[in-house]
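Notes to accompany the following structure.
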């Protein structure tokens with residue numbers, strides 16, 4: 001798209017969208033699209049350490065300048081904190097067991113690569129459950145990546161700031177790739193559509209909070225069978241849209 005004069009590239013984070021809009025002096029915008037997926041380049045670039053399918057140094061930083069990486073999380077977080085992250089961010093039923101196996105293994109030698117971590121996770125999950133569903137390391141890797149990059153904290157602020165940056169009638173569209181992100185987007189849109197905090201039995205609103213958006217997609221838009229066949233990584237994608245009032 002570089003050949004188009006009206007396309008401007010800005011390397012930043014959704015978290016800073018308010019600052020970016022102010023810096024570019026564009027005022028209010030007509031639309032914002034957020035694709036929350038890890039880029040195919042990052043997944044395929046072995047050295048980034050995102051993939052549980054390739055052995056690489058534990059990293060998982062989207063921003064290479066960030067000080068926190070997967071090596072730090074895996075080797076220095078205590079067992080309770082690890083279990084909490086894996087359970088909450090990965091929705092992994094064996095979070096406590098995986099955290100315990102990680103801590104026990106790192107007592108002898110620091111865990112340095114994604115391959116080593118995958119082997120530990122596989123040993124922690126009972127054989128019956130390893131044979132069912134997605135790759136046994138998928139949820140734990142997701143959890144560690146979210147922790148390293150502060151993804152969920154960034155998302156809440158990014159949605160609020162993005163909506164404030166929209167013109168009336170402008171739309172925000174967000175593509176998510178796992179249930180945690182989708183839940184945050186769904187709930188944040190609902191909160192922005194109905195921000196009233198008055199008790200439900202009050203006959204009229206007295207808090208004065210006004211709706212900021214109208215939800216366009218009550219249910220998320222999901223990829224068609226044909227799209228998934230063309231692009232298997234789109235399988236878990238969900239699109240939600242809201243319009244600024």
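Including glycine, each Cβ sits where the backbone N, Cα and C put it.
Counting every protein chain shown, the Cβ of residue 35 (S-adenosyl-L-methionine binding site) has 14 other Cβ atoms within 10 Å. Reduced to three states, the DSSP call for residue 35 (S-adenosyl-L-methionine binding site) is strand. Taken from TrEMBL, the feature S-adenosyl-L-methionine binding site applies to 21, 35, 42.
Using DSSP to sort the residues of the region 'Disordered' (224-245) gives these counts of helix, strand and coil: 9 helix, 7 strand, 6 coil. The region 'Disordered' annotation in TrEMBL covers 224-245.
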Using a Cβ cut-off under 8 Å, which residues of the same chain at least 6 positions beyond either end of the region 'Disordered' (224-245) come close to it?
37, 40, 43, 163, 166-178, 182, 185-186, 189, 192-193, 211-217
Across all chains shown, how many C-beta atoms besides its own are within 10 angstroms of the C-beta of residue 42 (S-adenosyl-L-methionine binding site)?
16
Just checking a number: largest C-alpha distance across 21, 35, 42 for the S-adenosyl-L-methionine site, rounded to a whole Å.
26
